[in-house]
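What TrEMBL annotates here:
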DOMAIN    5-79  domain 'Shikimate dehydrogenase substrate binding N-terminal'
DOMAIN    216-241  domain 'SDH C-terminal'
BINDING   Thr262, Ser263, Gly264, Lys265, Ser266, Ser267, Arg362  ATP binding site
BINDING   Ser266  Mg(2+) binding site
BINDING   Asp284, Arg308, Gly330, Arg378  substrate binding site
Amino acid sequence: MKLGLIGKTLGHSWSWQIHDMLIHEHYQNWELSEDEVIPFLEKKDFTGINVTIPYKEKVMTVLDEISPTAEKIGAVNCIINRDGRLYGYNTDCDGFMELVKTAGMHMEGKHAAVLGSGGAAKAVMAGVSQLGGIPVMVSRHPHDDMISYQQMYAMQNRFSFLVNATPVGMFPHMDETPADLDVFEHLEGVVDVVANPLRTKLCFQASCKGMPSTGGLGMLVYQAAAADALFTGQKVPQERIDACLGTLLKERRNIVLIGMPTSGKSSVAQMLGKQSGQQVYDMDTLLEQQFGTSIRTCFETHGEAYFRAKETRLARELASKEGVIISCGGGIIKNPENMQVLSQHGVVVWLQRNSLFPSSDRPLSADEASLKKLYEQRRGLYEMYSDIQVENNGTLEDTAEQILKKIGERK
């Protein structure tokens, strides 16, 4: 079989890796200009191809048959060459529906605000409808059956779900967010089809509100599995899909340890690195190397504000890495910006310990009274920002194994 992906810019595409894991077939990228797309299709020198932006609508003009779903969406992302005839499908819709189901969201009979008006948004609209929901398209330039962002906010009580089907928040513009979640009073879940970063700022804000949310990596894999079923004529086994997702997450997702001073973050991080083979970064150690002195001396010489600014700069630097372990200082949670960037590619683990003890090395927890006061101040923040909570009261090996087990259970 000759399989691949066509698009304009494919340098950051994960498609070849995903399809290789799902069906163990060679899969290549074809970067094509606007003028090259139609001649490429007319040559028909392929078994099956996926189509990405900006060609999902353009390719429809030369297809022999188009599936009803793709016709309704007005975009094709999968083309099969059967005996010289080209058949077009849209598996983005399948991928979105599987993403929602896996996230445990139930849209039946409920309104979903779908942000965007392009091909991805149209696929999401079809997916919400097939799930029994009521999709409403939201656009900055509304026409026909769309509404504006202002109208969406005015009728926010109606919406149970918010779906971002725009590129807003995608790498490298990860500080952007497409909507203000503070306006909504009754949201039951947020879906962001952006896959890079793993957790967008929109999903981070949702999780801080205790709201279920999911990013777009799963959709990327599920739509690929649907396409591969069309390519091969056989459904991709669920265990391969799960293994593919697990591999992608392990390669890209960081493990971020937060918690009180003396909770054992540094030691547990080293054990995690030993067990998983991932690189370990200890923020306090790195900051002390930068300062050329201890954190306590830095506090005494320059003050806490100076230290926190340096800490935030380092957090941004480490957040850009993938597949590593990051041990954070106890006060990392004081700045929401720190947690937002560390959460982009990270699963955040709150390490808890029954026997915390004062430490002269830590200026804010040098005695028992200060330590207790600090815990009361920070407990709510640790809880809000953490994805997983693990007790570190046994051996380091047991704690590390428990963390890896809980991470493995997450989708």
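For all residues, glycine too, the Cβ spot is worked out from N, Cα and C.
No curator has checked TrEMBL annotations; they are predicted automatically.
What TrEMBL annotates, mapped onto the structure for a quick look.
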| residue | record | DSSP (3 states) |
| --- | --- | --- |
| Thr262 | ATP binding site | coil |
| Ser267 | ATP binding site | helix |
| Asp284 | substrate binding site | helix |
| Arg308 | substrate binding site | helix |
| Gly330 | substrate binding site | coil |
| Arg378 | substrate binding site | helix |
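When each of the binding-site residues Lys265, Arg308, Arg378 is scored by how many other Cβ atoms sit within 10 Å of its Cβ, Arg308 comes out lowest. On the backbone, the CA of Thr262 (ATP binding site) and the CA of Gly330 (substrate binding site) stand 9 Å apart. If you take the C-beta of Gly264 (ATP binding site) and look for same-chain residues 6 or more apart in sequence within under 8 angstroms, you find Leu351, Arg353, Asn392, Leu396, Thr399. A straight line from the CA of Ser267 (ATP binding site) to the CA of Arg378 (substrate binding site) spans 21 Å. Residue density at Ser267 (ATP binding site): 16 other Cβ atoms are found within 10 A of its Cβ, drawing on all protein chains shown. Between Lys265 (ATP binding site) and Arg378 (substrate binding site), the C-alpha separation comes to 16 Å.
The most crowded of the binding-site residues listed here (Thr262, Ser263, Ser266) is Ser263, judged by how many other CB atoms sit within 10 Å of its own CB. Helix first, then strand, then coil: DSSP counts for the domain 'SDH C-terminal' (216-241) stand at 20 helix, 0 strand, 6 coil. Note: the domain 'Shikimate dehydrogenase substrate binding N-terminal' (5-79) comprises 30 helix, 16 strand, 29 coil (DSSP; helix = H, G, I, strand = E, B). The record assigns Asp284, Arg308, Gly330, Arg378 to the substrate site; their largest pairwise CA distance measures 18 Å. Reported as a whole number, the C-alpha separation between Asp284 (substrate binding site) and Ser263 (ATP binding site) equals 14 Å.
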